[in-house]
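Working notes, structure below.
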Amino acid sequence: MEGRLYAIVPVTFSKKISSSRWKAFMDPKDLNLQNPTIYISSPATASVGRYRFQLCIFSQGGKRCCGFGKFTLLCNPWCSEDAVYIPFEDQREEYVQSDSGLLFMGTAKNVVSRPWSFDQYEHGVLEACLNLLQVSPQHQKNRRRDYLNRSNPVYISRVVSAMINSEDDHGVLKGNWSNNYKQGVHPSAWTGSGDILKQWAQSGYSPVKYGQCWVFAAVMCTVMRVLGIPCRVITNFNSAHDTNDNLVIEEYYSETGQKLKHSNDSIWNFHVWVEGWMTRQDLGAGMNGWQVLDPTPQERSGGVFCCGPAPVKAIKNRLIEARYDVPFVYAEVNADVHTIILSQGRVLSMSKDTERVGSLICTKAVGFPRMQNVTSDYKFIKSPTSTLSSRSSSTISEESTLRRESSSKGVLVFLNLDKTPIAGEPVRLTVQVVNKDSVAKTIKVHLNAQAKEYNNSPSDTFWENHGVVQLAPMEVKALQQEISPAQYEDVVGDDMINLAVVVEDMNSEERVLASEEFNIASPELIIEVADEHSIVLNQEHAATVTFTNPFSHPVTGVLTVAGAGLIQGKLQFRMSPLPPGGRVQQRIPFIPGMVGIKMLQASLSFTNIRTTIRGFKMLSVHSV
């Protein structure tokens, strides 16, 4: 190996290989001493990295050595003795070989899939991933120890988790959640890992600006797959960041339904990490399998901004002593939410929600461009009947999506979105107020909507409505409202909406709150390919990207098209102003350079609204 480690391997004529030691042999049937062919096999525990290969010939005249070049050794998930062995071929194809995938964002009830190119076969990506190990503080501090430890995927993945962010080292990505991205690239603009890794390597290992959680995770997934470790990207919807380790997240609202910033704890609408597949000899066979790794810099682990590997089985069973960082990940998927209504610093009411955090944990399905629900891998799912006392049943359909309920002694309130909100259409909602008492009530109703980023508290109110309703004894009254596109389009963009209703019994002064955070579903770009079932290597083909403007005003923007193995680099096209309801098409020529399943993806970034629309098409490229 390049460094201070080496192995002397005698060359034999025996083809018998060993999974525990290095072997080298020559085929006696194909013996050519002038131009010899030598076969080398490595032990399953060999360290990952670059190796130099030197052939030495011993004769009566002494020893003669000649250089034979270099080779790169990776983990081998096809080898049953390797610590990253995964037994099913379709999983190896998905979690190691696949160079494209989907990242899931939005909200649990309105999941948005974002195409991503992992780019592990692109020129320069392998070299960048190997250099990441060389640049790491562990290697710089003690090269020999680092080389020895690289036989262990637990060690490798922990190094990679720290090196993807740049908080403690010359890591790949600089995080930025400030909304000011003038010094770099907006995190939402990235479409693949290759550009990021190559820019990092070409800059002399200066952090690439900028990343957020899905970018950190997707780049780490690339590095892990390049190194031969099966890896998949995971999204946790309603992910808790519990700063005081009490498994409780406090959320505060004003008496008119405005969400307040009064706590260091937070719930991200979604958070993205990765899982790596490996054995855990340090913990025992019961902890083998998927391990959580989170490169987004949130908390220090062992003094460094990294997280994991934390066995998913340990998280589910709350085995908090298991290494690494199980308590932190457990809180991300299991914390309770306490919602508090305040008035001039005084607590008016408090409610508790045990279901919201970690309500959906998902990844891309094996072999198909759709979501796979893995929530039950992380937590024991409660039966629906056990939650009826605290939340209404949740059903998703085209006609009605029942959202959230809250109750007090005498009043019950439901907040419903009549359908999944779609860009260009009004957000229609219904508030149901229930008088549970046998006496009439006068109820104040306060509705409040605020825009918010997925990981932040909401900004100022952009829509509100206040009123008074009279309720007869035991009466249920439905109040219908809508937020027009003109009211939300310029404010929300790709962000979320925090919608809350506070009802106040004017007699008892009891207050009850129901809330929901949701995203506006943008239309997808439509990608069509002529003769899509007859895509052939090295022949020109054409795709057509179509966009119809759903917004209430004209839009302009830039269309970007990419596809690892299909297009060299990226293609960009500027879109002229398109009126509401207008339709535009763009022809995209491409010449496939690799066989297999490839992703053609397109994104349209608008210049006059903070929205990006995406689309993708999976294509099967054949050799003939």
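Heads up, the Cβ atoms here are built off N, Cα and C, so glycines get one too.
Quick look at what TrEMBL lists:
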- C213: active site (ACT_SITE)
- H271: active site (ACT_SITE)
- D294: active site (ACT_SITE)
- 205-297: domain 'Transglutaminase-like' (DOMAIN)
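Taking the Cα atom of each, D294 (active site) and C213 (active site) are about 9 angstrom apart. Mean per-residue pLDDT, taken over the domain 'Transglutaminase-like' (205-297), amounts to 94. Geometry remark: H271 (active site) versus C213 (active site), CA distance 6 Å. Cβ neighbour count for H271 (active site) (all protein chains, 10 Å cutoff from its Cβ): 26.
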